[in-house]
Amino acid sequence: MTGSPPLRELSPSYTPPARTAAPQILAGSLKAPLWLRAYFQGLLFSLGCGIQRHCGKVLFLGLLAFGALALGLRVAIIETNLEQLWVEVGSRVSQELHYTKEKLGEEAAYTSQMLIQTSRQEGENILTPEALGFHLQAALTASKVQVSLYGKSWDLNKICYKSGVPLIENGMIERMIEKLFPCVILTPLDCFWEGAKLQGGSAYLPGRPDIQWTNLDPEQLLEELGPFASLEGFRELLDKAQVGQAYVGRPCLHPDDLHCPPSAPNHHSRQAPNVADELSGGCHGFSHKFMHWQEELLLGGTARNSQGQLLRAEALQSTFLLMSPRQLYEHFRGDYQTHDIGWSEEQAGTVLQAWQRRFVQLAQEALPENASQQIHAFSSTTLDDILRAFSEVSAARVVGGYLLMLAYACVTMLRWDCARSQGAVGLAGVLLVALAVASGLGLCALLGITFNAATTQVLPFLALGIGVDHIFLLAHAFTEALPGTRLQDRMGECLQRTGTSVVLTSINNMAAFLMAALVPIPALRAFSLQAAIVVGCTFVAVMVVFPAILSLDLRRRHCQRLDVLCCFSSPCSARVIQILPQELGDRTVPVGIAHLTATVQAFTHCEASNQHVVTILPPQAHLVPPPSDQLGSELFSPGGSTRDLLGQEEEPRQKAACRSLPCARWNLTHFARYQFAPLLLQSQAKAIVLVLFGTLLGLSLYGATLVQDGLALTDVVPRGTKEHAFLSAQLRYFSLYEVALVTQGGFDYAHSQRALFDLHQRFSSLKAVLPPPATQAPRTWLHYYRDWQGGVLTGLLGASLATPLSALQLTTRKLVDREGLIPPELFYVGLTVWVSSDPLGLAASQANFYPPPPEWLHDKYDTTGENLRIPPAQPLEFAQFPFLLRGLQKTADFVEAIKGARAACAEAGQAGVHAYPSGSPFLFWEQYLGLRRCFLLAVCILLVCTFLVCALLLLNPWTAGLIVLVLAMMTVELFGIMGFLGIKLSAIPVVILVASVGIGIEFTVHVALGFLTTQGSRNLRAARALEHTFAPVTDGAISTLLGLLMLAGSNFDFIVRYFFMVLTVLTLLGLLHGLVLLPVLLSILGPPPEVIQMYKESPEVLSPPAPQGGRLRWGASPSLPQSFARVTTSMTVAIHPPPLPGAYIHPASDEPPWSPAATSSGNLSSRAPGPATG
C-alpha cells in the first residue's frame, strides 16, 4: 500500500499558484483586482502563520497590552455638566457662553428650588383657601429646612438669595435690615399675609417683641424710631421701593388665624378672601415696585371668562432662590461663623447641595398620602443627581449582559464531535472582546476624552455585540479548513479567507463613528470617538490575539482533549470502524446521473515534501443515485465533516460509539443550504422580496415625514419617579424660560441709548416673550436708570467723564432730555450714582454690569466736599435685559423663538449695537437649526467613504455600489421607523443613524464578498455565499441583540427608547437586508465572477498534468452531458489519532467534472478546486 500513488487534495485558491493547473480562467479585466487581493490575502496568510507559530507569546503580550490599557479607566472622568455636554463646539452659542463666563464668571447669580402643587383629581380647580393651605403647609415645611455640616447649622435665611441689600448710614438700622432683609421667594402666598411666614429673619429692638415679617409694619416702625435716629435716607428708600405696610397690610388666607394682624383687610370681617381675585395679575414681594411676580410664574392651567377675569387654575408654583456656591463663599468669607472650619467654595457647594436634597425630601413628604393635593419638588441638585445616576455604570447589567453572551457563545460553538467543538474558544473570545472594550475605554480616558451617559450606558454593550460578530466569523471559518492545508498553515489559511471581511467591516465601522463625530455636540462627539477607538481595539484583538487562541485550541484538538475541560482526554480518541468493501469494476462512471461511492482502506497523513495532505486509497466503488436538488445542477450538498463521513456507515454499524445524534446534524449552514437558499432564489420569491422591500421603503419615506425634532428632559428622567412627575407638570403648566438679551462692548452705550431702547422694544414684540403687565414699566436697567434720573433736579454740568466731579460743577437741570435719553456726557457719572443709590432697582433689573461701576455713598454731613466727587463708571462691556419666554412646548416653538431673537440682534447690529440672546433655550435648542443638514452631510460623506473603502478592498465598484445602495435603504428605513415609533430626532438618534451605515456593513459585506469570489451562475454564487455566511452573520446578529438586550432593563426610558429600540430595529433591518434583499439583488444585478471555471470537450481546456501510473484523471466524459458529480468515499478508517480537521473531505459540490479511466493499478487520484469564503 505504501507504493500506491497518493490522492492529493489541493487548496481551492482563487489565485492559484503557477504549479496548480486548475481549470480556472481569469475573467479578463479582473486580473488586476485578483492579483491585488491575492497580495493582500498573502499578507494576511503570513500574519496568521506567524501568530500560529508564536501563539503563546502573542497571547501573553496581547493580554498584557490590553490589560495595561484597561488600567486607564482609573483616570476616567464622567462629565455631567449640561453645558459641557450639549453646547455645540465652536458654535456662536459656545462663543457667546465663553464671553459671558469671561465677564461674569462661571456661575449663575442664583439657583432655583421649585414646588409645584396639583390636584390628585385631573382638572380640579386649585384656587381655593383649602388648596392654598396645603401649599402653605408644604412651602413652610420646606422653608424650615436645616442641615448641620462642619459643626454649623445652615437654614434658608443664611443661604438664600437676597436682592439688593441697601447700604444705610445708620449702623443700628443697617444691622437690623441685614437680619430682616427677606429672601427672594416667588410664591402665590405673597398675595396674602401668610407669605410672611416663609421669611425666617428676625431682629430685636429694646422694649419691643422680636421683629419678624409677620408683625412688621415698616411705616409704623419708622414713626416710632424717628425721634431717636436720622432715618431720612431709609425712609426715602422704602418710599421709592413702595414697601408700604409690607405683609401686614395684605388679606389673611385664614382670617381665623390668631396671628392674623389687625391691619389685614379681612381681619374684622373674618371672611375668606376670593383667591382668584387676589391672584389675578400676580403677586408682589415686600416691594411693590421691584418685586412683582407675574401670574404666569405662579399659576398654571388657568381659565378666564369672556371679560378676561380669572376663574380657575390647575397648578400652583413657588420658587425659592439660593445663592450660588461662589456667592455663599464670598458672603461668609472672614465671618466669625466660619473662621474655624477652613471655609472654602467647595464647602459652600456641599452645604447648598445638602440643603437642596433635604428641601426636596421634606417638601415631597409634607402632605399626607390621602390629601386631595400633591406636591412635586425639584432643585438644581436633583438634576445633577439624575445626570450622575444616568452616567453611572450599572455593574449588574454589564455582568448580566456579558454572562449571557458567554453562555450563548459557548452553547453555539459546542459540538458533539470533540474534534470540532469550540465552546472554550467561544468563552475565550467573548472575554477577549470584553477586555478589548475595557482597554479601548481606558485608552480614551488616557487621551483625555471625557465619559458621559452614552459611554457608560450603551457603548459596552454595543461594542460587545460588534466585536463578537468577528469572533463567530473567524471561528466558523477555522472549522471549515480547506483540503490540503498543512497543520502549521491553518491560521494563515483562515485569515486569508476571512481577514478581508474583518478588515473591511472594521474600517467601515471606525469610519462611520468618525463621521458621526461631525455632529458638533460634545457628548455625542466624545461617544463617537470612543466608539471608533473601541472598535479599533476590538479589531486588533480579533485579528491578532484571537488567532492565537484558535491556534492553542487547534493543539487541544490535535491532542484529542475535551472541549472546555481540556485536562481530560476525549472518549473518541481511539476507535476503528470496519466497513465491508464493495466491488468497483474498471469501467467509465457516468457523470451527472450518479454518485461514485468508493469503499477503501484509507490512511491520511501530511506529506512534507510537497506540503499536501496525502490519502492512500485502494479503490472499490459502486454507483448510487444522486439526491434531488431544487436548484438543479447548480447547487450541491455540502460534505466533508467528520459527521458526514461517519454518517455513511451501513445500518449495522451506525451504533458505533460517539455517533452524533440526528438533531446534531442540523445547523444554520444546513438550513441555509437546503431550505433557505433554494426557496429565496426562486423567481417568485425574488419578486415577492423586491415588492416587500419596496413597500417597506415607501412606508419608511412616509414615516420620515412624521419624525419631529426635539429631546425633552422628561425623556431622560426615569418614568414613574417623583422627578419625572415634577418635570411633566412643569412642562404642562409652567413652560417658562428665563432668558437675557446681552449687550457687549465695542460700542458707546452713552450715544447708543436710542438703539438700545429699539432693541428692547423689538425683542419684547416677539411672540414667545411674556409682556409685562400694562401697569408696570419694562423691567430693564436702562428704564430703571432713566426713571431714576428723571426724578432728580440736581444735575451735573460740564463734567468730564475722565475726571471726578467737584461741588463747583453742580447746577440745576433735568438729567433726561425730551426724547427720554440721558445726556451722553452725564451717562457714566449718573450710572455710578444710580447703582449706589438704588440697590433694589439695580437688583430687580438683573443688569450684571461689567466692569461694575464704583461704589459711591453720599453723606450729607460731610463738610470736606470729598463725597461730592463722583467717579464715573468705566465704559460697559457687558449688560443684559431680562425676559421670560412662554408657550415653548415643541421644538418648533423653540426654533421660532430663537430665529426671532437672532433676527432682532442682527438688526441691532446694523445700528452698531452688539448683542446676543442668552439662556437655556439658546444653549440646548439652537442645535436644531442645523441638525438635519449636519445629519444629511454626515450620512452622504459616510456613504461615499464606504463606497471608496469597499471599492478599494473588494476591487469591484459594482459590488461596492450594491452594498452602498442597501446601506442607504437601511438608513432611510430606520429613519422612517423612528417616525412610526414616535422617537424624536436629536443629536443622539443622529449619531445612531450615521453609525448604522457602519454597523450595516457587518451584515452585507460578508455575503457580497462570498458572492464575488465564487464561481458559477449568479444564482449558484448567491446560494453559495448564503451557505458560507448565513451562520456567522446570523450568530453575529444574535450576539448583537443579546448585547443590546441588557439596555432594555435600564431604569431610564431614554436608554430603552433611543438606544435599545433604535439599535434593535437597526440589527433586524441589517439581518433582513444582508441575508434576504442583498442575495436577491446579487442574483439579479450581481457582477460577473472573477474566476470562470470552464469545461469543454476540447484539448485547449486547462487540465491537470497527465496522470501518472494509470491513475484516474479528472476530465469530461465524451459520452455524457457536462455536469458536476460528487465523489462520496466510504472507507475503513483507522483513527488513532483521528485526522485533523484540515484533512477532512472537501464538499463535492466544488469538484470539477471527471471521467474515470481503466488503469492497471486501479488507484484513484484527484485535484479538487473549490471556493473560499471572503
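The backbone N, Cα and C atoms fix where each Cβ goes, and this holds for glycine too.
Automatic, uncurated: that is what TrEMBL annotation is.
So that you can see what the record holds, here are the features copied from TrEMBL:
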| type | residues | note |
| --- | --- | --- |
| TRANSMEM | 34-51 | transmembrane segment |
| DOMAIN | 394-552 | domain 'SSD' |
| TRANSMEM | 395-414 | transmembrane segment |
| TRANSMEM | 426-451 | transmembrane segment |
| TRANSMEM | 457-478 | transmembrane segment |
| TRANSMEM | 499-521 | transmembrane segment |
| TRANSMEM | 527-552 | transmembrane segment |
| TRANSMEM | 687-707 | transmembrane segment |
| TRANSMEM | 788-808 | transmembrane segment |
| TRANSMEM | 934-955 | transmembrane segment |
| TRANSMEM | 961-983 | transmembrane segment |
| TRANSMEM | 990-1009 | transmembrane segment |
| TRANSMEM | 1059-1085 | transmembrane segment |
| REGION | 1142-1174 | region 'Disordered' |
| COMPBIAS | 1157-1166 | compositional bias 'Polar residues' |
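Ranked by Cβ pairs under 8 Å to the transmembrane segment (395-414), the stretches 34-51, 457-478, 527-552 are led by 457-478.
Stretch with the largest number of CB pairs closer than 8 A to the transmembrane segment (934-955), among 34-51, 426-451, 527-552: 34-51. By the Cβ criterion (under 8 Å, sequence separation of 6 or more), the transmembrane segment (426-451) is in contact with the transmembrane segment (527-552), since 3+ such pairs are found.
Scored on C-beta pairs under 8 angstroms, the neighbour of the transmembrane segment (499-521) with the top count among 687-707, 961-983, 990-1009 is 990-1009. In the predicted model, the domain 'SSD' (394-552) shows an average pLDDT of 83. Residues 390-391, 393-394, 398, 401-402, 405, 409, 412-413, 422, 425-426, 429-430, 432-434, 436-437, 440-441, 490-491, 494-495, 497-498, 501-502, 505-506, 509, 527, 530-531, 534-535, 538-539, 541-542, 546-547, 550, 554, 999, 1002, 1006, 1031-1032, 1035-1037, 1039-1044, 1046-1047, 1050, 1052, 1055, 1059, 1063, 1067, 1173 of the same chain lie 6+ residues outside the transmembrane segment (457-478) yet bring a C-beta within less than 8 angstroms of a C-beta in it.
Among the stretches 527-552, 687-707, 1059-1085, the one making the largest number of Cβ pairs under 8 Å with the transmembrane segment (961-983) is 687-707. Distant neighbours of the transmembrane segment (687-707): 680, 969, 972-980, 983-985, 1073, 1076-1077, 1080; these residues of the same chain sit at least 6 beyond its ends, with a Cβ under 8 Å from one of its Cβ atoms. Tertiary neighbourhood of the transmembrane segment (1059-1085): same-chain residues 454, 457-458, 462, 465, 677, 680-681, 685-686, 689-690, 693, 962-963, 965-966, 969-970, 973-974, 977-978, 981, 983, 988-989, 992, 996, 999-1000, 1002-1004, 1006-1008, 1011, 1018-1019, 1021-1022, 1025-1026, 1030, 1033-1034, 1037, 1040-1041, 1044, 1047-1048, 1050, selected by CB-CB distance under 8 Å and a gap of 6+ residues from either end.
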